[in-house]
Amino acid sequence: PVDKQELNKTLTFDYHVQHSHKHPKVFIAALAFSYFGKTFAGATMKSSFTQLERRFGIASSTAGFIDGGFEMGNLLVIAFVSYFGAKCHRPKIIAIGCFIMSLGSFLMALPHFFMGYYQYDTISFTSNNISSFSPCLLNPQDTPKIKGSDCDHKIVTSYAWIFVLLGNLLRGIGETPITPLGISYLDDFSREEDVPLYISFLHTSAMFGPLSGFLLGSVFARLYVDVGFVDVDAITISPTDSRWVGAWWMNFLVAGVVTLISGIPFLFLPKSLDKKEDAYTTGLLAFLDKYLVDIFHMCMLTDMFFPLPPEFFKSLKRILGNKLYLILLCSSLLNSSSFIGYITYQAKYMEQQYGLSVSRSNFITAVAVLPVVLLGMFLSGFIMKKYKLGILSATKMGYAASFIGFAFTFLYLMLGCDNHPVAGLTVTYDGPVSLWTCNSNCTCATSQWDPVCGENGLTYMSACFAGCKNITRLKKKTVFHNCSCIGKADAALKNSSAVLGECRRSDECSKNFIFYTIVKAVSSFMYSLGGVPMYMLLIRSVPQDLKSLAVGFMMLVIRSLGGIPAPVYFGAVIDKTCLKWGSKPCGQKGSCRIYDAVQYR
């Protein structure tokens, strides 16, 4: 007779033996998608940066603080997740992390649904007969209402950005377990010859996240923020207008769905698989285990509950006493800080310098920058492996590539554009007619920013500042006539007309943008080409037993001193170049409408 219980055990064992080899491949596929999801969500935040400033009426430094919330959340839990997570069901911990990332993304989109419709500052005429109004008002009591100047939603619009900050904080918390627990799980149950290929596949998958995120951000930035809820044909601004806000919230909804889906497969993976004993596993896993322990120790601010071993402080003193390591650490911190500031504000730079829309800036970032960065990272690893570069050769390669990239960066100073000609801000009023004679009788609100483009190629802050007396409107095109401040060179005192919106940039500025794009692609490629050799140099600058501590300390320094403050102080410097601030409800300062392009550059 056959013992049914023994038979069931045998069949169960045979099933796991036959199918256990499939789990690493399933896990690597799930982990690769989670890598894609986390970088995709990060790119949606970067691509929505300018729109968040405009929608919430905040300065660049405040937006930078919101962006740094991701690193704050990451640092809050990285010690506990890295150390204690390895002792738990790692796939389920990763799944929970993905779900928290998803929740954070949804929370970031939430303000859109309770803030009400976006109201940009513009003159709102309530009469059906638009020609009865004159932008140049002779009586202060005739001043038309400025849309968005009421205080009905003052509290909501002033502090709604906190939800985006909290969502980004949650996104940082949720992202934490993916890399340390994912790599350690992968190394535990994979064959020696497969692990390098798997890790390469993970990093390649991660690079497609920013590419997709910026492309999607480009599409949504072309859609008006309240698309589907308001009559888009009634909107008088275009995507190139500094008041335009795209459908930023759609970015976060898609990111939330992607990260939510990425966590589901981990729920069905086992806690452990059959151990693949080999030399590589013991080597890499030992390094990872010690790395996680060192990260845990460094993040502990007190040893009340987690006593630090005496040898930890001795090891830390050894690496801090290594002059080469300190030089490389400072260099890595400076490079990382500059890169973080650059990638955060590069779209904004193109908008202000060359007059691009948010949509086009995101598209250029996706197709001209990210692919060459991916190519540079791949080639650097390939060159080091093929030619078996030692520490001296890697040093020369890293510094040479970084120096060339840095040299190309200086070309940005010669490829910018002059200040956009705006009467009263960047240039004086055209012709012999001064401000006091051409619009001195007009009652113009100095807080207004509803720009018009005159026939003389000059932009005015509003039709009132242009001294316009009459208006005609045909569909979406609004034309102002009898403008006393707009004159032509041959007849300076002759009245002229203006159209709603800013004037286009010069042809020379458009040519400079083409060269700027080429230079930016080359410099990005060179920087990425030198990144891997410099990282390997840092690893090889310390003894074998201190490698994990060196890597952990470097990541801690870069995240805390680079990832968090860099967007804030970059934004603060950018704010100093603002020439005209927008207005929030009840007159508070909003986001910047126009910058000094020369100082910005």
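Note that Cβ sites are derived from N, Cα and C of the backbone, with glycine treated the same way.
Annotation source TrEMBL lists domain 'Major facilitator superfamily (MFS) profile' at 27-601. Restricting the average to the domain 'Major facilitator superfamily (MFS) profile' (27-601) gives a pLDDT of 78.
Feature annotation from TrEMBL assigns domain 'Kazal-like' to 432-487.
Positions annotated as transmembrane segment by TrEMBL: 26-45 (among others). Residues of the same chain lying 6 or more positions beyond the ends of the transmembrane segment (26-45) and with a Cβ under 8 Å from any Cβ of it are 67, 70, 91, 94, 98, 101, 105, 108, 168, 171, 175, 178, 182, 185-186, 189-190, 198, 201-203, 205-214, 216-217, 251-252, 254-255, 258-259, 261-263, 265-266, 269.
The transmembrane segment feature in TrEMBL is assigned to 65-86 (among others).
Long-range contacts of the transmembrane segment (93-114) within the same chain: residues 31, 34, 37-38, 41, 44-45, 56, 81, 85, 156, 160-161, 163-164, 166-178, 181-182, 225, 248-253, 255-257, 259-260, 262-264, 266-267, each at least 6 residues beyond the stretch ends and with a Cβ under 8 Å from a Cβ of the stretch. Feature annotation from TrEMBL assigns transmembrane segment to 93-114 (among others).
The transmembrane segment annotation in TrEMBL covers 155-174 (among others).
The annotation transmembrane segment is assigned in TrEMBL to 195-221 (among others).
Look at TrEMBL and you will find 248-269 (among others) tagged as transmembrane segment.
Sequence annotations record features per position, and here TrEMBL assigns transmembrane segment to 324-343 (among others).
Annotation source TrEMBL lists transmembrane segment at 363-384 (among others). Within its own chain, the transmembrane segment (363-384) is flanked in space by residues 47, 203-204, 207, 210-211, 214-215, 218, 346-347, 350, 356, 394, 397, 401, 517, 520-522, 524-533, 536, which lie at least six positions past its ends and keep a Cβ under 8 Å from the stretch.
What TrEMBL lists as transmembrane segment is 396-415 (among others).
Look at TrEMBL and you will find 513-537 (among others) tagged as transmembrane segment.
Listed by sequence, the residues of this chain that lie at least six past the ends of the transmembrane segment (549-570) yet keep a Cβ under 8 A from its Cβ atoms are 60-61, 63-65, 67-68, 70-72, 74-75, 290-291, 294-295, 298-299, 315-316, 319, 325, 329, 332-333, 336-338, 340-341, 344-345, 538-539, 541-542. Residues annotated as transmembrane segment in TrEMBL: 549-570 (among others).
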Self-check item: Chain residues in Cβ proximity to the transmembrane segment (324-343) (below 8 Å; excluding those fewer than six residues from its ends, i.e. six or more beyond)
Solution: 46, 402, 527, 534-535, 537-538, 541-542, 550, 553-554, 557-558, 561-563, 565-567, 569-570
Quiz item: Short question: which residues 6 or more past the ends of the transmembrane segment (513-537) have a Cβ under 8 Å from it?
Solution: 328, 331-332, 335, 339, 350, 353-354, 356, 364, 368-369, 372-377, 379-381, 384, 389, 391, 394-395, 397-402, 404-406, 408-409, 411-412, 415-416
